[in-house]
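According to TrEMBL:
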DOMAIN    31-73  domain 'YrhK'
DOMAIN    189-244  domain 'YrhK'
TRANSMEM  36-55  transmembrane segment
TRANSMEM  61-82  transmembrane segment
TRANSMEM  103-128  transmembrane segment
TRANSMEM  134-152  transmembrane segment
TRANSMEM  179-203  transmembrane segment
TRANSMEM  223-249  transmembrane segment
Amino acid sequence: MAFGHKTARKRVYSKIIQGTHADPQQGHVGEWAVEFSDLICNMAFLIGSVCFLYSDTGIYSAGVWLFIIASVINFGLAGHTLHEHVHTASNHVEIRDQERSEILEAVMYVSSSLVYAVGCIFFMPGLAEDFSGYGAWLSVIGSFNLVYAAYFNQMGMLTDKSDSEKVGIHPRHYDAVKLLYKVTLAQTLSGAVLFTCGSFMYLPRIHSNCRRVHDETCQTSVQVGTALFIAGSILFVMQSGVSILALYLKTQASGGSQALDGETKSLL
């Protein structure tokens, strides 16, 4: 369930090293690192979701740990994004609508990752059954926060009036990059909704005593929830792939090159 801020503008990824004098740029090595980190995390969510299909305690625990680790990594990445947005907004006397949406998005993303990670801890085998209820509700809240994060990201894109010259992308590729980012937001929103619904399937009133009683209805609810996790994870992996493609086009076109005209059309 990894998701990062999607925008065609230049980003600041070296501020931690260079301080306040770091200049925003396209295709920074940090931006590539974040995108591939998101891909790895989403693959971890997918593998972890598949682990929930097995009744073996060891495999189930491995799935929970994959969810926890991926959520913690997301929390760190989201924290950097929030720091960047706050730093950018602090350079203006008044916070613009775009910056306000980006800050709200980052806050929801940070809270989503943190709450979801804590919720996953309550699903560790060996804990009391009551803890799974807390974990389910925290997972629901964390997933729902990601829905709002995608919403605020889209609001930021709508209020962004930057043209291709301002963001440093060739005009013939600017629209393609924005289209790809809109696709990633649709995938993220859909995946977050699936994760929210899947988390509801693990609530105590539905999931109670599933590990001790072989109740067909109860077992079916767990299987449905796991299936929703798998479907959502697949969407998040696809989102990461499309996002990497958008970053590739954005990086290659940031120098004003027209060499990718044919390549962009063939990819889209």
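Here the Cβ of each residue, glycine as well, is placed from N, Cα and C on the backbone.
Keep in mind it's a predicted model, so treat the numbers as computed, not measured.
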Local confidence of the prediction over the domain 'YrhK' (189-244), expressed as mean pLDDT: 80
Spatial neighbours of the transmembrane segment (36-55) far in sequence, C-beta under 8 Å, 6+ residues away: 1-4, 62-67, 69-70, 73-74, 77, 223, 226, 229-230, 232-234, 236-237, 239-241, 243-244
Summary of DSSP states over the domain 'YrhK' (31-73), given as helix, strand and coil counts: 38 helix, 0 strand, 5 coil
Positions on the same chain near the transmembrane segment (134-152), where near means CB under 8 A and six or more residues out: 1, 3, 71, 101-102, 104-106, 108-109, 111-123, 185, 188-189, 192-193, 195-196, 198-200, 202-204, 207
